[in-house]
Structures are given as structure tokens and as C-alpha cells.
Amino acid sequence: MSAFIVLGAQWGDEGKGKMTDYLAENADVVVRFQGGNNAGHTVVVGEKEYKLHLIPSGILYNDKLNVIGNGVVLDPKALFEEINYLESLGVEITPDRLIISDRAHVIMPYHRVLDGIKERARGNKDIGTTGKGIGPSYTDKMERSGIRVCDLIHKEVFEENLKETLEVKNKIITEVFGEEALDYDEIYNEYLGYAEKLRPFVKDISVIVNKKIKDGKEVLFEGAQGTLLDIDYGTYPYVTSSSTIAGGVCIGAGVGPTAITNAVGIAKAYTTRVGKGPFPTELLDSTGDWVREKGHEFGVTTGRARRCGWLDLVILKTSARVSGLTSFAVTKIDTLAGLDTLKVCTGYRLNGEIIDYVPASLEDLAKCKPIYEEFQGWDDSIANARCYKDLPENAIKYLKKIEDFTETKVSIVSVGPKRDQTMIISEI
């Protein structure tokens with residue numbers, strides 16, 4: 001394979017960082033194609049733990065080119081904080097190892113301010129945004145009033161764009177919401193500093209990535225969030241503001257669909273989500289609490305406790321369909337060790353009918369009652385498995401159910417956070 005996608009098949013937090021890190025060993029290029037610093041990946045290498053938000057997971061290898069694509073919204077302040085954090089851990093960040101799309105849109109201070117103001121204004125109908133300005137930045141992109149990286153590094157263009165945009169934003173901030181206006185000079189000077197630091201990293205990434213593919217290099221596209229947070233196919237409006245499915249690669253990295261050879265969906269052996277929105281298999285009991293504590297289900301970016309529930313195969317089937325997944329990588333199957341009985345959702349009961357897809361209507365999804373199939377559990381020895389035959393028989397049956405229901409093979413299984421606790425069980 002020369003170009004393949006790794007993306008979340010649920011509501012995010014599936015272990016994409018670990019899987020990308022694992023698969024990046026054989027890749028030449030790792031590309032982040034959407035989202036912003038609202039995403040959080042945790043990667044464990046040896047005894048060290050790395051928390052990534054913007055920079056692709058391939059940065060932990062010395063011989064990979066890492067790319068932030070045009071589909072990403074870039075907060076320069078957050079980027080350089082992450083670079084400083086990684087360098088403090090001994091990871092070298094240079095323009096030879098990291099490049100940034102000149103077409104990526106820039107998150108500005110007014111995006112963060114408006115994100116917080118609007119979320120507070122929603123009251124008990126809040127969406128659960130991270131408050132990092134992601135949505136407002138994508139809004140400006142669609143309204144054609146955003147500032148791109150290529151604009152930021154051209155002083156005169158940035159000066160003109162900032163004046164025009166800030167005038168409008170300050171009217172909204174002061175006249176609509178009654179908050180204090182932002183200072184032009186303060187923003188201008190701060191971001192000019194970022195521009196000079198960014199300049200060496202800025203490239204036309206579409207040209208570079210497509211040439212790598214043409215030259216037969218291995219290119220891995222790393223998604224953030226998950227399918228059920230996709231702006232079109234997620235549980236709208238409790239979604240992110242970008243396209244998290246496989247199709248997002250084409251617009252977020254500037255490659256054609258025929259360039260993609262494989263798409264791997266990352267799925268936990270159970271289901272989690274952060275924030276509000278329907279969750280058919282949610283466990284609101286001691287079992288849910290047990291899974292949360294054992295699985296350390298707290299957000300990397302926000303620290304918020306994740307809601308936990310049984311594995312929902314309807315969601316995985318939907319993910320396989322909308323992204324054309326060629327296989328699944330199943331993570332955290334070790335977390336379920338110790339439970340005598342496990343449940344797996346194989347359908348929803350809605351208005352007297354049984355369905356096997358995620359309905360578009362939020363109201364309909366909230367009415368869906370999960371239909372469960374039960375499986376026998378396994379013990380903690382699963383964490384010591386290093387190949388398929390080492391897995392407990394009941395775990396193998398569990399994985400087989402995923403394959404049969406979704407009509408998509410399981411190619412990778414993870415039984416712990418470390419690199420050596422990952423096994424490839426079939427061709428990716």
C-alpha cells in the first residue's frame with residue numbers, strides 16, 4: 001500500500017494516536033488532514049508518554065516527514081507550545097521533519113473568544129465545544145473571510161485582512177454580546193511573531209504529498225475525532241466542524257480519491273463519547289464507572305470524563321459504509337478483561353421497527369433502543385497476548401462478531417498502550 005488512511009470509527013478517543021504511531025513505522029510521510037488542537041492523541045514509547053494535539057504522530061520517528069494539511073485549522077500559539085513541549089522531551093522539530101500547508105486557515109484570538117461566548121449563550125443547549133476556536137475558524141473559512149497561513153506570512157496582506165475582519169468581529173463581540181473589544185495592535189504584533197516562526201515550515205503540501213505518492217512512498221493520513229463527529233454523518237449538531245471520514249482526506253490534503261489504497265477504522269472494544277448527544281449503548285451504572293476507571297477514560301485535551309457504553313456495531317457498520325473501510329483496528333480489548341458477560345449492540349429498535357443504521361434525526365436516535373447479543377468475557381491475561389493465537393477464545397469470538405456484522409475484517413488488535421502490545425492479525 002502506498003497511501004492509506006487511519007481514522008476514528010466511533011466518537012473519537014479510539015486510540016488513533018497509538019495506531020498511527022504503530023503504523024507510521026513503515027510509512028515515509030504522515031499527514032494530518034482535518035481538525036485542530038481540539039484533538040488529543042496519547043502515544044506511549046518505551047517508558048515515555050507523549051500527548052499530541054496538532055502535530056502528526058509520525059513526529060516520534062526520526063525519519064518521517066510530517067504534514068499539517070490545508071483541512072486543519074491552525075492555532076499558531078498552540079502549535080509552538082506543542083513544539084516546545086516535544087523538544088523538552090527530546091523530539092527534534094525542524095522544517096525537514098514538519099511542513100504546514102500554506103492553505104490552512106489560522107485560528108485567531110477572536111475565534112476563541114466567540115467560541116466561548118456563543119457556547120455560554122446556548123445555556124443548557126450547549127454543544128460541548130472545547131472553546132479553542134475551531135468552529136468559528138471553520139465558519140470564517142466557509143464565509144470566505146478567514147486568514148490563511150499564506151496570508152499570515154505576507155505582512156501587508158495580513159495587516160489588511162486583520163483590520164477588515166477584526167472590525168466586524170469586534171462589533172459582534174461588543175454590540176451583540178456586550179463583551180470587551182479585542183485590541184488590533186496586540187493581535188497584529190503577536191501574530192507577526194508567529195508568522196516569522198512559521199515561515200520555514202510553510203509549503204504547498206498538495207504538491208509534495210502527491211509527488212511522494214507518485215514516487216511510491218508510503219503515505220499515512222491521520223484523522224482526528226471520529227466518524228460520529230463528522231459534520232455531515234455525525235450526530236449533528238453534537239459534532240466537530242470538519243469532515244472526519246475518509247472523504248475528508250481529498251479536500252484536507254489535496255489528493256485525489258484514486259490515490260487512496262486502504263482505510264483503517266480505529267474502534268475501541270467498547271464505546272465512549274465526550275459531551276452531550278444521544279448515546280444508545282451508554283452505561284449509566286457501576287459497569288460504566290468501572291470501564292471508565294479501568295480504561296482511563298478522561299480526555300487528553302479537556303480532561304473531561306468520557307461517557308462509556310457497550311460496543312455498538314451499528315456505529316461501526318455506518319463507519320465502514322461512509323468511509324469505505326478496508327479493515328478495523330480494535331483497541332483496548334484488554335480494558336474489558338474481568339467482566340463475566342459482555343453485550344454488543346446489533347441493531348436499534350425505533351418506533352416498532354428494527355434498523356441497522358444511525359438515523360440522521362437526533363430525536364430519532366434518542367428514541368433508539370439497543371438490541372443486544374451477549375458474549376462471555378475473558379481475564380487479564382489478554383494483555384500478554386502478542387499474536388492472534390494468544391488471544392482468549394472468547395475474545396476471538398468477540399472480534400469475529402465485529403467482522404461478520406460490519407462485513408469488514410479486523411486487521412489489528414491492541415491489548416495495551418505500548419507499541420509491543422499491538423498485533424497485526426491480517427493484511428491491512
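The backbone N, Cα and C atoms fix where each Cβ goes, glycine too.
Quantities reported herein were computed from a predicted structural model and do not represent experimental measurements.
Annotation source Swiss-Prot lists active site, proton acceptor at D13, citing sequence analysis. According to Swiss-Prot, the active site, proton donor annotation covers H41, on the basis of sequence analysis. Per Swiss-Prot, GTP binding site is recorded for 12-18, 40-42, R306, 332-334, 414-416. Taken from Swiss-Prot, the feature Mg(2+) binding site covers D13, G40. Taken from Swiss-Prot, the feature IMP binding site covers D13, E14, G15, K16, N38, A39, G40, H41, T130, R144, Q225, T240, R304. Summarising the annotation, Swiss-Prot assigns substrate binding site to V300, T301, T302, G303, R304, A305, R306.
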Note to self: Return only the integer: C-alpha distance in Å from I333 (GTP binding site) to the residue listed as 'active site, proton acceptor'.
What the structure shows: 14
Check: Is A305 (substrate binding site) helix, strand or coil when read with DSSP?
Finding: strand
Notebook entry, point to check: Of T130, T302, R306, which binding-site residues come within 10 Å of T42 (GTP binding site), going by C-alpha to C-alpha distance?
Noted result: none
Notebook entry, point to check: At its widest, how many Å does the recorded IMP site span between Cα atoms of D13, E14, G15, K16, N38, A39, G40, H41, T130, R144, Q225, T240, R304?
Noted result: 34
Checklist line | Collapsed DSSP category at T42 (GTP binding site) | finding: strand
Margin query: I'd like to know which of the recorded positions G12, D13, H41, T130, Q225 sit within 10 A of V300 (substrate binding site) at the Cα level.
Written below: D13, H41
Check: V300 (substrate binding site) has how many other Cβ neighbours within 10 Å of its own Cβ?
Finding: 14
Notebook entry, point to check: When the Cα of R306 (substrate binding site) is compared with the Cα of each of the binding-site residues G12, T130, Q225, V415, which one is closest?
Noted result: G12
Item checked: Between G40 (Mg(2+) binding site) and K18 (GTP binding site): CA-CA distance (Å) -> 11
Notebook entry, point to check: Given the binding-site residues G12, G15, T302, which lie within 10 A of N38 (IMP binding site) by CA-CA distance?
Noted result: T302
